[in-house]
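Over in TrEMBL, the protein carries these features:
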{"type": "REPEAT", "residues": "31-64", "note": "repeat 'TPR'"}
{"type": "REPEAT", "residues": "169-202", "note": "repeat 'TPR'"}
{"type": "REPEAT", "residues": "271-304", "note": "repeat 'TPR'"}
{"type": "REPEAT", "residues": "315-348", "note": "repeat 'TPR'"}
{"type": "REPEAT", "residues": "382-415", "note": "repeat 'TPR'"}
{"type": "REPEAT", "residues": "487-520", "note": "repeat 'TPR'"}
{"type": "REPEAT", "residues": "521-554", "note": "repeat 'TPR'"}
{"type": "REPEAT", "residues": "693-726", "note": "repeat 'TPR'"}
{"type": "REPEAT", "residues": "761-794", "note": "repeat 'TPR'"}
Amino acid sequence: MKHGIHFFDCSVFMKAIQDFTAVIKEDPTNAQARLYRGRAYVKQRRYRNAIQDLAAAVHLDPSCWLAFYYRGCILRQTDPKRALQDFSVSVLINDTKENICSFLHRGIVYSEQCQWSLAICDFESVLALDSSVIFAYLNIGLILLLHLDQYYEAIQQFTNVIGIDPLHVRAYVCRAQAYHKNHDLRNAVKDINRVIHLYPDKSRLYIIRGQYLVELKKDELASLCIQQFAEMDEESFMSQPVQQALVQSFCQNHDKAIECLYGATASKPEPSTLIILGKIQMKANKTKDAVRSFKKAMNLLMSSEKILPKTFETAEIYYLTGLCYVEQKSLLRARDAFSMAIRLHSRYPDAFYQRGLCRMQLKKAKCIQDFNRALALCPSHFQAYMALATFYGSQGRYFQAILNCSEAIKIIPNSVQAYFYRGILKCQNKTFASAIEDLSEVIDLNATCILAYYNRAVCYHQINDFRKALKDYGIILLLELSEEIAFKVLINRGLLYMELGDYANACEDFKGATLLSPDDSQIFQALGICYYRIHEFEDAVRSFDQALKLDPVSVDAYIGRGNSYMESGDEAGCKKAQKDFLRAIHLNPKCVKARVCLAYNLQVLGKFQRAWNQFTVAICMDPKCLAAYDGRASVCLQMGETFAAFLDTNAALKLATTAPLLTNRGFINHLMGHLTCAMKDYQQAISVDSNYALAYFNAANIYFQNRQFSQAYCYYSKVLQLDPRNESAIMNRAVTNTLLNNTEEAKEDFEKAICLCPFSAAVYFNRANFYNGLKQYELAEKDISTALSIQPNNALMYKFRADIRGKLGFNKEAVEDYKQAINIQDQIYSM
């Protein structure tokens with residue numbers, strides 16, 4: 001036995017086999033001798049004998065992991081299933097570093113059977129036992145690159161190989177390919193450059209580098225690479241015009257390539273050369289010349305009986321001719337060419353696909369049959385699924401379209417086109433959250449996809465996620481984009497700002513839009529509305545003027561300009577506004593909005609009966625017009641028709657229960673002395689809108705009137721939380737604090753009221769009362785004097801100052817104030 005092992009180790013396999021055979025004759029149960037003889041037979045490629053010995057070794061010693069391993073190696077090509085079983089048993093018996101090759105070989109078998117995840121697990125097991133095994137890293141990287149499309153992870157694996165062996169050429173080439181797939185062309189070029197540095201005589205590497213440089217749009221460097229390739233084998237290169245033409249075409253020198261092939265076909269016309277010529281002419285956008293080349297090729301292929309052979313080559317010529325007709329927009333001729341290609345070669349998925357596209361553009365329902373046939377022949381035909389999605393989407397059958405996009409994504413998981421179109425379909429289907437997910441995936445794959453940001457912003461807008469919508473619109477405007485898209489973005493963002501009530505930013509967007517489209521009256525109209533909302537009424541008028549120059553019959557522009565004129569506050573502005581409202585009514589007598597605006601205008605001018613008439617006409621035209629009922633109620637109050645105002649407000653409340661309408665009805669009830677009903681209306685208004693300050697203020701006034709000062713104080717405080725600059729609420733709370741003996745708080749409120757209304761006689765009068773109650777007569781006398789300087793003809797204030805001066809001992813001045821009060825009162829009575 002030792003003698004045989006010695007010869008085996010020295011690779012003298014014949015003598016080793018003789019020695020092991022002698023041992024087996026003496027001891028047929030010697031498993032070790034069987035194992036060694038089987039291994040020796042393997043070395044001599046006597047696999048049948050080897051399998052017999054290894055099977056005997058396994059039978060004699062079931063724990064012999066080496067026997068299982070070697071038998072698995074022999075069976076790997078002929079019986080992969082049994083080989084997997086043997087490798088699995090081997091690693092089950094011995095899963096240490098000693099048996100690392102079993103993991104390695106089993107991973108290879110799994111790879112050959114396309115069981116990628118199992119193969120990766122085995123190669124990872126190899127690395128867990130020995131992290132320096134380059135072959136394992138390389139195989140994991142190739143599986144990730146070529147079969148699972150996980151390019152970033154593949155790059156990591158090839159980088160690990162390079163870390164172990166910095167001169168490993170294949171790792172650099174594979175990593176360059178992975179970078180290329182991941183659209184990282186700069187790093188791809190760097191890796192190919194490293195390989196060329198290590199092997200400068202490999203001409204194929206120059207072609208690869210040229211391809212990458214073309215994609216980087218570095219045409220001069222790419223041409224240099226092709227020249228280097230040609231110089232490396234110049235004689236062979238120049239003697240083969242077809243190869244020379246292909247290289248020139250690769251360098252985008254299509255004219256030179258065509259020239260080379262013209263010379264070749266002139267001397268020796270061959271169908272294959274003419275087909276290549278036609279393809280290059282297609283690349284050069286010379287489709288008519290390409291069609292002529294393809295026809296010449298068909299004539300050469302045609303038999304003496306004028307019959308074309310039913311081969312793929314012939315079918316491809318018709319297919320390429322069809323593509324040329326598509327470029328020429330000759331869809332009927334293109335369809336016929338694709339049909340001919342299908343007749344010559346019935347299993348041509350691309351021909352079915354292209355014919356389907358032609359039929360779809362010709363609005364023929366049979367296109368579905370062509371797309372389905374293409375998928376039946378080639379289940380991984382990405383573009384066929386996308387074409388089906390497009391067809392179903394155009395028919396409004398969004399669910400089927402989305403399903404086809406999903407199938408396309410299974411084929412190409414990183415397809416920007418498929419994710420984008422599926423996102424658009426989901427947006428059309430109003431499943432906005434799901435659409436956002438797809439459009440976000442597009443942005444992850446291509447961070448500069450403007451349309452993805454635009455449509456995602458629209459989706460965010462639809463689900464009221466305004467912050468993210470504004471962010472996306474902002475990103476789009478930072479990218480290089482066409483004026484058309486910039487215009488749409490500015491309009492959409494402006495409308496979004498308007499919806500948020502941010503009219504200042506909306507105004508800026510619409511101003512930008514007017515620069516891109518100065519003849520669009522609608523933009524100037526929107527700009528005018530924004531100026532109106534931010535109280536820049538002169539700019540609003542100018543914007544509406546421009547809108548009316550562009551569209552002289554725009555009713556909305558007349559109404560907008562009229563409302564802007566109204567804000568001037570003078571009679572001249574009101575007159576101009578009235579003219580605009582009348583023009584709007586002249587253009588559209590049924591425009592309720594124009595009549596309501598005219599009615600308010602007449603109300604401001606004090607023409608209550610005419611205003612009432614216009615509100616009434618508006619109500620007759622639109623019995624559900626809230627503004628008309630509310631406006632007529634306001635006019636009725638001014639005309640002293642309280643009950644009529646009450647009826648109109650009730651009619652408005654039947655249409656919509658809003659806090660302002662409830663507050664208005666409460667005020668009318670208050671005027672009519674129905675305090676309980678008024679309070680109910682104010683409380684209901686608060687329940688409808690807890691932030692409506694006027695309801696709290698009016699309720700507080702009723703509490704004050706009923707001497708419920710604590711409740712009045714609470715409600716006035718609530719008003720000031722909602723509207724801190726409400727001077728009436730501050731002054732009323734100051735008086736309430738006075739009556740509640742909250743001296744310091746009253747003093748603070750009076751100070752705030754004077755800061756807000758420094759020319760209000762009532763504020764000074766009330767504070768004088770406050771100081772009088774505190775017996776601070778000097779301060780009281782100062783405040784009442786200030787009040788009189790603002791309102792000098794008030795008999796009550798003169799009488800009050802006389803009382804205070806009497807308390808201060810200024811009797812002479814007090815008598816003069818009493819006399820002045822009497823004189824003012826006499827003048828009033830004499831009138």
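Yeah, the Cβs are placed from backbone N, Cα and C, and that goes for glycine too.
Same-chain residues lying 6 or more positions outside the repeat 'TPR' (761-794) and placing a CB less than 8 Å from one of its CB atoms are 727, 731, 734-735, 738, 743, 746-747, 750, 753-754, 800-801, 804-805, 807-808, 824.
In the repeat 'TPR' (271-304), helix, strand and coil residues by DSSP number 28 helix, 0 strand, 6 coil.
Residues 659-660, 662-663, 666-667, 670, 675, 678-679, 682-683, 685-686, 732-733, 735-737, 739-740, 742, 756 of the same chain lie 6+ residues outside the repeat 'TPR' (693-726) yet bring a C-beta within less than 8 angstroms of a C-beta in it. Helix first, then strand, then coil: DSSP counts for the repeat 'TPR' (761-794) stand at 27 helix, 0 strand, 7 coil.
Looking only at the repeat 'TPR' (693-726), the predicted model's pLDDT averages out at 90.
With helix defined as DSSP H, G or I and strand as E or B, the repeat 'TPR' (521-554) counts 27 helix, 0 strand, 7 coil.
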